């Protein structure tokens, strides 16, 4: 076969191998350049997106609410991932070796666990906050004070430290001697893997799944109730129910069933002034408020699916690999490409969080637009 190939091509097998080597090198170089460009783009999007979230909450008045402190904490966690974890990961993959020594390797890995864990735990706290706001809006509105929110945020970061620091205190299987050829990887000490994966992902995943399921079913129940109310509102109001109450009072009555939702855009004063103060207009006004609320709750139910779906898709592959590999001694270890892919898939969640948690919010979109246009009317 080799002689036939040489006579057809006019080149021997060694010559063919030598000519194929540059092609392989060029292909590998192209893949490296493309992958690096993609990873740098992810870092840039993560930094810009989360920075916009933080600046918007502190500079745009409609966003200066207590519940948005949770979103700021999430954005800070995701921003630290982009600033302190991802750049070193890119450099490590490009050089294919760790050149910064044992101490910086351990600090980098600890920072990785800390930042990613705090991001996931912030998602969990946001889920709990939404659950309490929907299921017990009146009481929770009184309990949701700045002090309580700050305490919850501090607890998230403290728990993240408790989960991430033990390897620095000796709970690890890192080699005693560290050279340039020593890989800088997370410890595979089995008890710590169980401890950290449970606290960082699996327990928050269970909590978020239960909470979002309860939110979803509570939302469906409220949708059914409001649909029935709309059916009763469809009956024309009798003449004797004519009312001349001020519009502000009517808004208060109509919004009693919608206390946990943001208010719709206010109508121009001219259009308000044109409304007759009779029973028919009151009926139409309340019906419209109910329809707006129904639309918002349907949208909120869809957003819940997006939030949970993206979180699971991004982080589940990594934590399955992280939790299984140390215990499967007879299994073939995953390739470096697989490890890199599932690791960066988890990191991508930090770039998607500001998009998911803000793209459905008109106030955030307005704040982003004004910031990007350098509009001074932010406050």
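Numbers run from 1 along the shown chain.
A Cβ is built for glycine as well, from the same backbone N, Cα and C atoms used for every other residue.
What Swiss-Prot records for 5-36, 91-107, 172-196, 326-340 is topological domain 'Extracellular', and it gives sequence analysis as the kind of evidence. Here Swiss-Prot flags 17 as N-linked glycosylation site, drawing on sequence analysis. Per Swiss-Prot, transmembrane segment is recorded for 37-58, 69-90, 108-128, 149-171, 197-218, 304-325, 341-362. What Swiss-Prot records for 59-68, 129-148, 219-303, 363-375 is topological domain 'Cytoplasmic'. What Swiss-Prot records for 105-184 is disulfide bond, and it gives sequence analysis as the kind of evidence. The feature region 'Disordered' is assigned by Swiss-Prot to 234-276.
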* Structure fact -> Sequence-distant residues near the topological domain 'Extracellular' (172-196) by C-beta distance (under 8 Å, 6 or more away from its ends) are 92, 97-99, 101-102, 105-106, 108-109, 112-113, 117, 163-164, 166, 322-323, 325-327
* Structure fact -> Same chain, |i - j| six or more, Cβ under 8 Å of residue 184 (disulfide bond); the result in sequence order is 92, 98, 105, 108, 109
* To do: Report the listed stretch (37-58, 149-171, 197-218, 304-325, 341-362) having the maximum count of Cβ pairs within less than 8 Å of the transmembrane segment (108-128).
  => 149-171
* Which residues, given as numbers and ranges, are at least 6 beyond the ends of the topological domain 'Extracellular' (91-107) yet have a Cβ under 8 Å from it? -> 32, 35-36, 39, 167-168, 174, 178, 180-184, 340
* To do: State the residues, same chain only, that lie 6 or more residues beyond the ends of the transmembrane segment (149-171) and have a CB under 8 A from a CB inside it; answer 'none' if no residue qualifies.
  => 66-67, 69-70, 73, 106-107, 109-111, 113-115, 117-118, 121-122, 125, 129, 187, 189, 191-192, 195-196, 199-200
* Structure fact -> The number of other Cβ atoms within 10 Å of the Cβ of residue 105 (disulfide bond), counted over all protein chains shown, is 20
* Asked: Given pairs 6 or more apart, does the transmembrane segment (197-218) have at least three Cβ pairs under 8 Å with the transmembrane segment (304-325)?
  -> yes
* Structure fact -> Across the topological domain 'Extracellular' (91-107), the model's average pLDDT, rounded to a whole number, is 91
* **Reduced DSSP assignment, residue 105 (disulfide bond)** => helix
* To do: Could you tell me what the rest of the chain brings near the topological domain 'Cytoplasmic' (363-375), counting residues at least six beyond its ends with Cβ under 8 Å?
  => 52-53, 55-56, 59-60, 62-63, 262
